[in-house]
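Asker: When I checked TrEMBL for this same protein, it listed these features:
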- Thr13, Ala14, Asn15, Gly159, Gly160, Thr161, Glu207, Gln208, Ile209, Lys210, Gly287, Gly288, Ala289, Leu290: ATP binding site (BINDING)
Amino acid sequence: MFANAEIGIDLGTANILVYSKNKGIILNEPSVVAIDTVTKQVLAVGAEAKSMIGKTPGKIVAIRPMKDGVIADYDVTTSMLRMIMKKASKKTGMALRKPNVVVCTPSGSTSVERRAIHDAIKNCGAKHVHLIEEPVAAAIGADLPVDEPVANVIVDIGGGTSEVAIISYGGVVSCQSIRLGGDRLDDDIVQYVRKKYNLLIGERTAEQIKIEIGYAPIDHPEMTMEVRGRNLVTGLPMTVTLHSVEIQEAIKEHLLQILETIRTTLETSPPELSGDIVDRGVILTGGGALINGMQEWLSQEIVVPVHLAPSPLESVAIGTGRSLKFIHKLQKAAT
Ligand code: ADP
Ligand code: MG
């Protein structure tokens, strides 16, 4: 007799990952869906959908259904999950027959949304579906001792949202979430370049700029990057050289908002746990953790040690997969 497959799904605002207990990460795709606006049918999910942007007939649009951490359209999300499950079972080389699934829900999601995700996965043929809170999954994925009575602080900076949570004894002691993440920094860069140079650049170019020369601290090794776009006055293509200090200036305000969220969460921590936090520090995860100089900048600002999770883009997926073994405890926490 075969055991049921066990998989974990990280339903992120920027990326969806599927982790299988035996094979590790088996799927990692952008959370983009291509939809036929007439029939409302989902045509493609992930990288395939992303590559269709701007290249398809007018009635097909590519959207990010979880952009701000909430599920905008139930039907679209259901179809998307169905396609994800199908892709994942292809990748494992065998049909995922009645898998046990742990899925991590965005922490801002309502109980109705969580129920919708649960039912959608169940409808895809899952045997059992368990929901887990994102920070708990991230902490497990980052190898933190979540079920011990010590404070584990997780800062997860994603695409659409950022979360700060203090976890102890397998549960969330306190948590704050803001609808602000790496995507907003991309927007900041688009706006800055438009204002300063009359140059229109795309979101993906802005993301590249952020990744290459976007620094959190003011003090950093100065870098430059040549960027192409369309001049808004002449309408013609144009190249400018951007400096890393300009980018730091452009994204500064939103980085400070993330910092403020971390500060207020730490301030609300029960006094018994504060000592742990000073000793053990904060674990930084999510794609935003990879912003240049982020770790050093944060540790200077909050004056506690800041550690980078082993694989910031994968912690949540790994954690959801691993959590299958202590799901009974987690079930209590997630409801
Ligand atoms: P989510 O969990 O919301 O899906 P992720 O944790 O996958 O989000 O993070 C996605 C965000 O991280 C995006 O805004 C992306 O631009 C950003 N990101 C990814 N890699 C890097 C990097 N090397 N430097 C800076 N930002 C990055
Ligand atoms: Mg995430």
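A Cβ is built for glycine as well, from the same backbone N, Cα and C atoms used for every other residue.
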Asker: Three-state secondary structure of Asn15 (ATP binding site) from DSSP?
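Answerer: Looking at the DSSP assignment, Asn15 (ATP binding site) belongs to a strand.
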Asker: Suppose we screen the binding-site residues Asn15, Glu207, Ile209, Ala289 by Cβ distance to ligand 1 with a cut-off under 6 Å; which survive, in sequence order?
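Answerer: Cβ under 6 Å from ligand 1: Asn15, Glu207.
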Asker: Given that the record lists Thr13, Ala14, Asn15, Gly159, Gly160, Thr161, Glu207, Gln208, Ile209, Lys210, Gly287, Gly288, Ala289, Leu290 as binding ATP, what is the largest C-alpha to C-alpha distance among them, in Å?
Answerer: 20
